[in-house]
């Protein structure tokens, strides 16, 4: 049981590190993720975008 909990915590930490390293934050204000897509395509060349806390986040 302790080993499985340790493995789950390790996977969680690794996945958070991967997402943090890959994301790029834009200063654009947004209300939904579809508003971020044109900006991410123009600046970074990627369509993977999310609007979190009224900021655009672009992912590779």
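Cβ coordinates come from backbone N, Cα and C, glycine included.
Database features (Swiss-Prot):
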DISULFID  30-51  disulfide bond
DISULFID  36-56  disulfide bond
DISULFID  40-58  disulfide bond
SIGNAL    1-22  signal peptide
SITE      50  site 'Basic residue of the functional dyad'
SITE      59  site 'Aromatic residue of the functional dyad'
>> Quick check: in three-state DSSP terms, what is residue 51 (disulfide bond)?
In response: strand
> How many neighbouring Cβ atoms, not counting its own, are there within 10 Å of the Cβ of residue 50 (site 'Basic residue of the functional dyad')?
Replying inline: 16
>> For residue 58 (disulfide bond), which of the listed recorded positions (30, 36, 50, 51) have their CA atom within 10 A of its CA?
In response: 36, 50, 51
> Which three-state DSSP class does residue 40 (disulfide bond) fall into?
Replying inline: helix
>> List the recorded positions among 36, 40, 59 whose C-alpha is within 10 Å of the C-alpha of residue 51 (disulfide bond), in sequence order, or say none.
In response: 36
> List, in sequence order, the same-chain residues at least six positions removed whose CB sits under 8 Å from that of residue 36 (disulfide bond)?
Replying inline: 26, 28, 30, 49, 50, 51, 56, 57, 58
>> Roughly how many Å lie between the Cα atoms of residue 59 (site 'Aromatic residue of the functional dyad') and residue 40 (disulfide bond), rounded to a whole value?
In response: 9
>> Let's check the environment of residue 30 (disulfide bond): how many other CB atoms sit within 10 Å of its CB?
In response: 20
>> Please report the three-state DSSP label of residue 56 (disulfide bond).
In response: strand
> When neighbour density is defined as the number of other C-beta atoms within 10 angstroms of a residue's C-beta, which of the disulfide-bonded residues 40, 51, 56, 58 has the lowest density?
Replying inline: 51
